[in-house]
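One structure is given below, encoded as C-alpha cells.
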Amino acid sequence: MYTFSNKLKTFAFVLMALGLLGIAYGFLTAPKTTADVEKILAESHHDGHHTAAPAHAEAVKAIEEVKDAAVHGEKVSDSAVATLAATVEAHADSTATHADTTHAAVAHANKAPHNDAHKAEAHHGAEADAHKEHEAHLEHVLHQLQNKPWAALYVACIFFLLISVGVLAFYAIQWAAQAGWSPVLFRVMEGITAYLLPGSIIFLILLVLSGMHMNHLFAWMAEGVTDPKSEHYDAIIAGKSGFLNVPFFLGRAIVFLLGWNLYRHFSRKNSLAQDNATDDSFYKKNFKMAAGFLAFFIVTESISSWDWIMSVDPHWYSTLFGWYVFASFFVSGITTIAFVTLYLKSKGYLEFVNTSHIHDLAKFMFGISVFWTYLWFSQFMLMWYSNIPEEVTYFVTRIEHFKLPFFGMVVMNFVLPILILINTDFKRLTWVIVMAGIIILTGHYIDFFNMIMPATVGDQWFIGVSEISSLLFFFGLFIFVVFTALTKSPLLAKRNPLIEESKHFHY
Amino acid sequence: MSTNKVIHAIYTDDDILMDAVKASRAAHHHIEEVYTPFPVHGLDKAMGLAPTRIAIASFLYGVVGLTVAANLLNYIMIVDWPQDIGGKPSFAFYQNLPAFVPVLFELTVFFAAHLMVITFYLRSRLWPFKQAENPDVRTTDDHFLMEVAVNGNEEDMISFFKNTGAVEVKVIDKH
C-alpha cells in the first residue's frame, strides 16, 4: 500500500492556497469600469509602446494639418488629402497596437474632403464619431480584461480535467486492446483518473456560471445575440442557436461528464473486485465496458471539444478540431502517467515496473506528440493555404497577437520531444523523460491557452498572476486527489489475467 | 593455428540453441556464425554481438533529405523564379513554408528509408546475383546451425557440442 508522504501533501496544500490567493487577486484587480481601462491603457502606452508612439504622433499631426486646412477655409485638393490619408494609413499599419485609435484617425482624415465648406458642425460630428469609437474600444478592452481571470481559471481547469480524461482513454484502450505490458500500471492510471470527478464538478460549475452571464467567455451566450431587434444581434450565431444554446449546452456537458465518470467508477470497481475474484468475470466485464466506453468517448470527446473550446470562437469552425484537442490532452495524459509512475518507482512502491515499461510510455509520448503536430499542421496548413477570410481569421489573430506562444508551442510539442525522445537509450533514463515531459506538459498548457485566450481576452493576454495561480491551484488539487486515491488500494492488480506477462515485460 | 577446421553443431530447437550459445561462450569457444531459419529473440545478445548503428545512419540520412528538400524548394520557388502563383508569398522561404512542408517531410522519409535499406544491403553484402552462403540447406527450414572454430583438442570439442544438445556435430574443412 502507498502512503501519501506528508511533504507532498503539504506541497499540494501550499500550491492550492497560493493558487486561491492569486485567483482572488486576479478577480479583485480586474477593471470594473471603462475609466479603469482608460487608465490601464494609458499606462501601457507609456510603458510598452515607445516604438509605436512616434509614428502615432506623426499620424495625429498629419490629421491636424488636414483639419487646420479645413477650418481655415482653404480648398483642400482631393489628391492632397488622399496623400495624407495614405500616410496616415501607412502609419496605422506600423502601429498595430494602436489599430483602433488610428482607425478613428483615418476615418477622421477621410472626412476632411467633405468638410470643404469647413462647417463647424461637420467637424464636431467627426470628433463625436471618434469619441464614440473610442468608447466602443474601451468597452471592448474592458470585456477582455474582465474575462482575463475567468479565462485563466477556465484554461487551467479544462487542462487538468482533460489530462485525467486522457489517462482514462488510455486506460480504456489498454483494457480493450488486452495489452500485456501495462497491467502493472493500471493502479497508477486509476489513481490519476480519480481527479476526473472533482475536476468535472468544478468545470461544470464554471460552465454554469458562464451560462448565468457571470462572464463573457462564450460570446454566443451574451444577451440579445439571437434577437433580431437587439443591437447585439448576430445572424451567424443566431443561425447556430439550435445547437449553441445554454440549456442544451449544459445538458450535453452533464451527459458527457456523467458518462465518463460512470465508466471510471465502474471500471475501477471491477478492477478492484478482480483482485479477490475466483474467476475472470470482472475482467471480461471491464473488457466489454472499455470497448463500449471508447465508442461513447470518441463521439462525446468530439462534441465536447466543439462545445467547450471551439465555441469560444462561434464564427469559426474546423472539422478536425475534435481530433486535434484529443491528441493534445492524450499526450499530456500519457506524460502524466509516466511522471506519477517515475515518482512512485523512485520511492520504491512499484516493484515490477522496469525501464521497459518506462520505455513504452516514452514511445507513446513521442508518437502522440508527432500525431498532435500532424493534426496541428493539417489544421493550420489547410486554412493558411486556401486563405478563406471567414476561417483564416482564427490564425490571423493568433499569429498577430500570440506569435511567441503560437509558434513556441510547436517547438515545445514537436521539435524538442522528437529530438529528445527519438533515442532508445534516452527513453529509459528518468531524467530525460522528466525533462521531455515537463516540456510536453508546458507546451500543451500553452496549446490550450492558445485555443481559449485569443477569443476571450484577445491582445490583452499575459501569463501573469491570474494564469499562474490558476495553474498552481489545479496542480495542487490534482496532486492531492491523485495521491490520496493511490493510497486507497494496493499498487499492483492481483488477479488480472495479464499481470504475470506485465510483470516480466521487457523490451 | 594450423587448421581451417570448423565444427558445425546442428540443433532443432531455438531454446536449445540459445543454451548452447551461452554454454559455448562460457567455455570460451569462438562462435564464428549461427544460421537460423527465423530471427531468434535475444540471440545477438547471447552471442555478444555489438548493437547495430543503422538507426543512427538513418537519422543522418533523414537530415540530409531535409536539407536537400529545403535547398531544392528554396532555389526553385524563392531564388530562381519567385513567381506569384495564386497569391502565395514567395518573397522568403519562411513565408511560403507551410506549402513546402509536405515535400520536406516526404523527402526526409524517402532519404532516411531508402539510404538505410541500401546501407543494410551493403553492410550485409546482399545483391541479386549473390552466391548463397548456406552451409546446410536445412537451416532455412527447421534446423539451427552453430559454426565454431576448432581450437585445441578436436575430440573434446565434439563431445562438448554433443552435450549441448546438438543432433549432429560435424567437422568441416573450410577452403
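A Cβ is built for glycine as well, from the same backbone N, Cα and C atoms used for every other residue.
Automatic, uncurated: that is what TrEMBL annotation is.
Record features, source TrEMBL:
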COMPBIAS  A:113-133  compositional bias 'Basic and acidic residues'
REGION    A:112-133  region 'Disordered'
TRANSMEM  A:150-173  transmembrane segment
TRANSMEM  A:194-222  transmembrane segment
TRANSMEM  A:290-309  transmembrane segment
TRANSMEM  A:321-344  transmembrane segment
TRANSMEM  A:364-384  transmembrane segment
TRANSMEM  A:404-422  transmembrane segment
TRANSMEM  A:429-446  transmembrane segment
TRANSMEM  A:461-486  transmembrane segment
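Where the transmembrane segment (A:321-344) meets the stretches A:150-173, A:364-384, A:429-446, A:461-486, the count of C-beta pairs under 8 angstroms peaks at A:150-173. A Cβ distance under 8 Å defines the sequence-distant neighbours of the transmembrane segment (A:461-486), meaning residues of its chain 6+ beyond its ends; these are 2, 4, 8-9, 11-23, 25-26, 148-149, 152-153, 155-157, 159-160, 163-164, 187-188, 190-192, 194-195, 198-199, 340, 344, 401-402, 445, 449, 453-454. A Cβ distance under 8 Å defines the sequence-distant neighbours of the transmembrane segment (A:364-384), meaning residues of its chain 6+ beyond its ends; these are 170, 318, 320-321, 323-324, 327-328, 330-331, 334-335, 338, 391-392, 394-395, 410, 413-414, 417-418, 421-422, 427, 433, 436-437, 440, 444. If you look at the transmembrane segment (A:290-309), the same-chain residues 6 or more away from its ends with a CB under 8 A from one of its CBs are 158, 165, 169, 171-173, 175-176, 207, 249, 252-253, 255-256, 259-260, 263, 267, 321-326, 448, 451-452.
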